[in-house]
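> Before anything else, here's the structure in question.
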Amino acid sequence: MPNAFKNAGYITGSFGTIIIGLICTYCIHQLIKAEYELCRRKKIPSMNYPAVAETAMLEGPTIFQKCSPIIGHLVNTFLLIYQLGTCCVYVVFVSSNIKSVADYYLETPVDVRLCMLIILLPLILINWVRNLKYLAPFSTLANAITMVSFGIICYYIFREPVTTEGKDDFAPLNGFPLFFGTVLFALEAIGVILPLENEMKTPKHFGGSCGVLNVAMTLIVFLYVGMGLFGYLYYGHEIEGSITLNLPSKDVLAQCVKGMLAFAIFITHGLACYVAIDITWNDYVAQKLGPQRKKLFWEYAVRTGLVLVTFLLAVAIPNLELFISLFGALCLSALGLAFPALIQISTHWYTTKGIAKAWLLSSNFVLIVVGILGLVIGTYTSLAEIIATFTDD
């Protein structure tokens, strides 16, 4: 988040994060409401994201109905790319922090790609865990470690007075797409929203003005604005892709934070990759294979293959901030903004009239345009930066 604020400026970053947070929350609400309505019409208890998209298209105008067979696959594709992108970010983050600690104790700097190679086998093994309930304790442990690390990082930020001197209040416009993609990546978790809501004992508590979603997003936006703003004001243009890399390398406490967060992200890699494995195996590969004795072998092969894909991408472009911005703009502009708006239009196409329909179309059209612009401009800017960095290297 501090790196995102570097690309936007501290005023644009603060207000921009709040606005993007409001838009993301609104779109999630729209997606959940559409799911409720479609489940009521079809008399089924729940749906996942691809099923909601496909069912909604069938409820819309004729041109949308023709797109219904492919919309589910399109949503799955974006979800798959996003989850694999997240895993790439995890690999780069863990390796960069290990390198930062190792460089202090070794005479010669360690190549970050060597750190990636060292953690590859443990990553494969943790992704061989097939049952989600065995991965849940890792998430709990990672959350505890993250909160402790967060407190230590705040200690480093606030031990000296922060100042706006030499910092951009409004950064050049060409950096805004990178800011947009990074904030989307940080805020959105659209792939797990419907499964989470469906698994609650009382799903209706998820929405509502004081529901789980609004309370959680308010806290998250508050924390992200605080960390982004004060992290940028303290470190300025020297800020790295992760603020942990700016902590003093000679301090044992700072080294502990880097090690703790690297460990926390490492042990939750299996959770991050779970959705990608679930989509690839259950929705596609397993159906193609059909019943056979070697099915378990092929499942482990798919799990290993997906980890190798994220590893190779991370090795090719070990740049944390550009990875985050790229996958945020490429996938979440569509999944978090454009698709929920399209689903809302289709769901209520024949049930609204007059002013209500005009508002339905105009408000969601704006969201679709913002999503498309974010996808195209954000992806182009991120790819251009990646190519420039790769060329320089």
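One-based numbering along the chain as shown.
Cβ from N, Cα, C; glycine included.
The annotation domain 'Amino acid transporter transmembrane' is assigned in TrEMBL to 1-382. Annotation source TrEMBL lists transmembrane segment at 12-32, 74-98, 110-129, 141-158, 178-196, 208-232, 252-277, 297-317, 323-343, 364-390.
For each listed feature, how buried is it and what is near it?
Proximity of distant same-chain residues to the transmembrane segment (141-158), defined by a Cβ-Cβ separation under 8 Å and at least 6 residues beyond the stretch ends, is recorded for 227, 230-231, 234, 243-244, 247-248, 253-254, 256-257, 260-261, 263-265, 267-268.
Long-range contacts of the transmembrane segment (252-277) within the same chain, counting only residues at least 6 positions beyond its ends with a Cβ under 8 Å from a Cβ of the stretch, are 79-80, 83-84, 86-87, 90-91, 93-94, 97-98, 100-101, 104, 119, 122-123, 126-127, 129, 132, 135, 138-139, 141-142, 145-146, 148-149, 152-153, 156, 191-192, 244-245, 302-303, 306-307, 310.
If one looks beyond the transmembrane segment (364-390) by at least 6 residues along the same chain, the residues whose Cβ comes under 8 Å of a Cβ in the stretch are 23, 27, 30, 174, 177-178, 180-181, 184, 317, 319, 322, 325-326, 328-330, 333-334, 336-342, 344-345.
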> Among 12-32, 74-98, 110-129, 178-196, 208-232, point out the range having the most Cβ pairs under 8 angstroms from the transmembrane segment (323-343).
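Looking at each of 12-32, 74-98, 110-129, 178-196, 208-232 in turn, the most contacts to the transmembrane segment (323-343) are made by 178-196.
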> Can you work out whether the transmembrane segment (110-129) touches the transmembrane segment (208-232), with the criterion being 3+ CB pairs under 8 Å where the paired residues are 6 or more apart along the chain?
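Since fewer than 3 Cβ pairs under 8 Å link them, the transmembrane segment (110-129) and the transmembrane segment (208-232) do not come into contact.
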> Would you kindly check 12-32, 74-98, 208-232, 297-317 and say which stretch has the most C-beta pairs under 8 angstroms to the transmembrane segment (178-196)?
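Highest pair count goes to 12-32.
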> Cβ pairs under 8 Å with the transmembrane segment (208-232): which stretch of 12-32, 74-98, 297-317 has the most?
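Out of the listed stretches, 12-32 contacts the transmembrane segment (208-232) most.
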> Who are the long-range neighbours of the transmembrane segment (74-98) in its own chain, taking Cβ under 8 Å and residues 6 or more past its ends?
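Distant contacts of the transmembrane segment (74-98): 49-50, 53, 112-113, 115-116, 118-119, 123, 185, 191, 241-242, 244-245, 258-259, 261-262, 265-266, 268-269, 272-273, 275-276, 279-280, 283, 306-307, 309-311, 313-314, 318-320, 323-324, 326-327, 330-332, 334-335, 339.
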